[in-house]
């Protein structure tokens, strides 16, 4: 045990060890509060006195939630060594998070944004106090879990930190080589003499490497054999990197350098976030000082990301979930353009559903009027694009599975097991994403069908109403016989109008029949969707199988992790170790088999089926559009015919009225008795009123039809 005036600790409770100090978990003697104590070793005291006290001075200047707090500086009882009493972060570091096999291919989007927010806030506080850290890396970013279960990351280890204004330089070299700025790497690692001085932007390079590591699970610059074994090539990669590139690798000994301008396909960040992040990485991983961003621009661009809100959009034509990052004060027009950039669906062809209801987005309004979305509850984008659904693009985890060496090698076996387990967790993540994608496909199509069924029903009601009035009009006795129309021209016009109305009635009857057929077809498709939605619950068993394999593999992995530090195993322990390797390999094979044969194949079949259904829905929507146009045209023509009939009847009524008021000479005997004039006038007035009502109803129908069928036809391809 060791102690200071107020704290004590056991040397077995080691949290971390560096070149100049060790960190232990300690307790307050009075309260029992857990803290971290940093105890400096003899190497630390060989440094100049001003360097020894620098870390105390730096920490005393800082007070921020994203920087590890300094509680006190005390001395040990016997040797009177200086001890820093600091905040204890119980959940390890960002490095330990990234070392977890679950994060082999990088953090989830939610956790990455937490890291970005915390690191940016902590670095901003350093800059406000004129401090340069000089050793930013995942191992120096500590993690604790807040009361609500959220991660909080804090910058730590200020042994290399010092006060430095923006226009000042320093010449001493600190840092960890994989995260070092190339100029510092050249002098510190390659030991090449140079007279360069370094500024505050060296921290930006380290931040860039750290963020890339957090996003992908791997370092951005990797020579053949690794950074520690091939230092000259490591330096070449960082200094010869083309503008805009964010990573470089050498896959063969003495092979060419390969550059990438985007994050790898295994990265779990959405394309929406990647599009925002990649330009930042490209501009801070820049070796030339005049081309590299300064802190002001870095803070501005990262803050811009963190201030954005994410809107989840599931594109039915593509069968892909998109994350659209925009500011709440942006207009919806900007949101629609952002969707276009990711989906290639132009704003005028974008139609949205949210939770089963049509969602009309007014371009002039602000984006804060858009409903709150989540990955499980996105806006559903529906357009008449005829493209084949592409679905989620991913790399088969089986391609990243390393193989065990035949002999027993505890360190190599541990590393291999870790790699295999990482691929297994990637398969589990992908299986969940693929299953969620299938559910969103089925749910989105179900909602579209409901909207189309409503359109069918309303179109039928409008069409049948128009048919009812036309039938009533055509069945009028006076109109049918043409009685009271002595004028041949008037009789001819009325007959032609009657014929036209009969034709319109036949067209509307055909439209009604077509809508009914479409309705029946959509109902059949809806029944298929319900069956498939029930099947989704069955597919969830595949994920349970993968999880079961992973649980067993993780248990063996923990045994390997424990054994790797041992010098060797007894005979019996070695036999058990060999059996564990065999079982681990069998479990991995079973896991990947379930993923490929059940998850991936089911997803691919779902994509093909989804494409066929989308084309069927597209045909139905186009058909309804044409029917709606026909009904609207028929209503318009019927209105015109009724207006013409009204004019004929109005004129007839005027003529009859004038005949009744005039003195008329006796008429010769007609071969057949004519209708009573009073009776005729009464019927004409009645018919005229009916026709006017019909005209008004047809106008209302037309307006309703126009509202129902404002559906764009398929865009030109």
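The backbone N, Cα and C atoms fix where each Cβ goes, glycine too.
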Item checked: Which listed span Swiss-Prot calls region 'Leucine-zipper', if the choices are 320-341, 342-363, 452-473 -> 452-473
Checklist line | Of the candidates 38, 69, 82, the one that Swiss-Prot places in the ATP site of 15, 16, 17, 18, 19, 20, 21, 22, 23 | finding: 38
Notebook entry, point to check: Can you check which of 176, 499, 503, 609 Swiss-Prot annotates as phosphothreonine?
Noted result: 503
Checklist line | ATP site, defined by 15, 16, 17, 18, 19, 20, 21, 22, 23, 38: further same-chain residues with Cβ within 8 Å of the Cβ centre | finding: 39
Notebook entry, point to check: What number of additional C-beta atoms lies within 10 angstroms of the C-beta atom of residue 17 (ATP binding site)?
Noted result: 11
Notebook entry, point to check: According to DSSP, does residue 19 (ATP binding site) fall in a helix, a strand, or coil?
Noted result: coil
Margin query: Cβ neighbours within 10 Å, counted over all protein chains: which one of the binding-site residues 15, 19, 21 has the most?
Written below: 21
Checklist line | Whole-number Å value of the largest CA-CA distance among 15, 16, 17, 18, 19, 20, 21, 22, 23, 38, listed as ATP-binding | finding: 14
Next item on the list: Give me the mean pLDDT over the region 'Interaction with DDX3X' (385-650), rounded to a whole number.
Entry: 87
